[in-house]
Amino acid sequence: MMIKKNASSEDFFILLGFSNWPQLEVVLFVVILIFYLMTLTGNLFIIILSYVDSHLHTPMYFFLSNLSFLDLCHTTSSIPQLLVNLRGPEKTISYAGCMVQLYFVLALGIAECVLLVVMSYDRYVAVCRPLHYTVLMHPRFCHLLAAASWVIGFTISALHSSFTFWVPLCGHRLVDHFFCEVPALLRLSCVDTHANELTLMVMSSIFVLIPLILILTAYGAIARAVLSMQSTTGLQKVFRTCGAHLMVVSLFFIPVMCMYLQPPSENSPDQGKFIALFYTVVTPSLNPLIYTLRNKHVKGAAKRLLGWEWGK
């Protein structure tokens, strides 16, 4: 049977997920649920703090709250479906559901790539052009940059996901993944998918390599500025904020590069599942910890919110 772009609403896919390791499904369910709850709690905590505490009404925390919201949405677009599949025999997803999931996973992933570039630019201006920071990072401009990240992500995803579902999928409907994503869907095709694979490589290069190059360029300039600093306190502050952002960048870009910067035909399905599991489950849960563990401003805001700060 052939599934085309005009498939009926009764069509469905079977998400194989981790069914090759049935003995691990219970363990995976518990571990993934814990990480998912950590993601929800940590990122909601940052969003609430950034909104209610006036001390955090700065460009850095505005972008951080946007990143937290992106992480929440990105994780929620795939993990609840995975948890349901791990705990029950029903592992299907409707054709429409698969389209929607693919669209949001791509959109939110691309938006996060762009937003991480914006955050690195914010740090560059703060360190390299501190006297012009309030002018260059005006609240209106910050809102425009954040909105641009979302618009770019959702626009490019609409084009790319449409191109993916135009490919005729035939035979079985077994998606060897735990969510609908491009390489896994292309493996179901009964036609030559080299054009789609090339498109995926080009899109990945544009929205993975170019943002990464821009981020590294910004931090190269920051490193030169830091080396010329005389103040030890200033050095420590820069290393704390920039080091946290670089760690988040590494946790996001390294697995994404391993996942998308090679043709789907050369990518091991099992390897791809665990790489995807890392950047959809582990990374979003660690980001709040990375940004807050040694951050005095966030700790102070948390104390004020919880009423733990005494007058001085």
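Keep in mind that glycine also has a Cβ here, set from the backbone N, Cα and C atoms.
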- prompt: From the topology recorded by Swiss-Prot, do Leu24 and Val298 fall on the same side of the membrane?
  reply: no
Query: Is the count of Cβ pairs under 8 Å between the transmembrane segment (141-159) and the transmembrane segment (59-80), pairs 6 or more apart in sequence, 3 or more?
result: yes
Query: Since the record lists Cys98, Cys190 as disulfide-bonded residues, which of them has the fewest other Cβ atoms within 10 Å of its Cβ?
result: Cys190
Query: By Cβ distance under 8 Å, which residues at least 6 away from the ends of the topological domain 'Cytoplasmic' (51-58) in the same chain are close to it?
result: 65, 297-298, 300-301, 304-305
- line: Of the listed stretches 59-80, 102-121, 197-220, the one with the highest count of C-beta pairs below 8 angstroms to the transmembrane segment (274-293) is 59-80
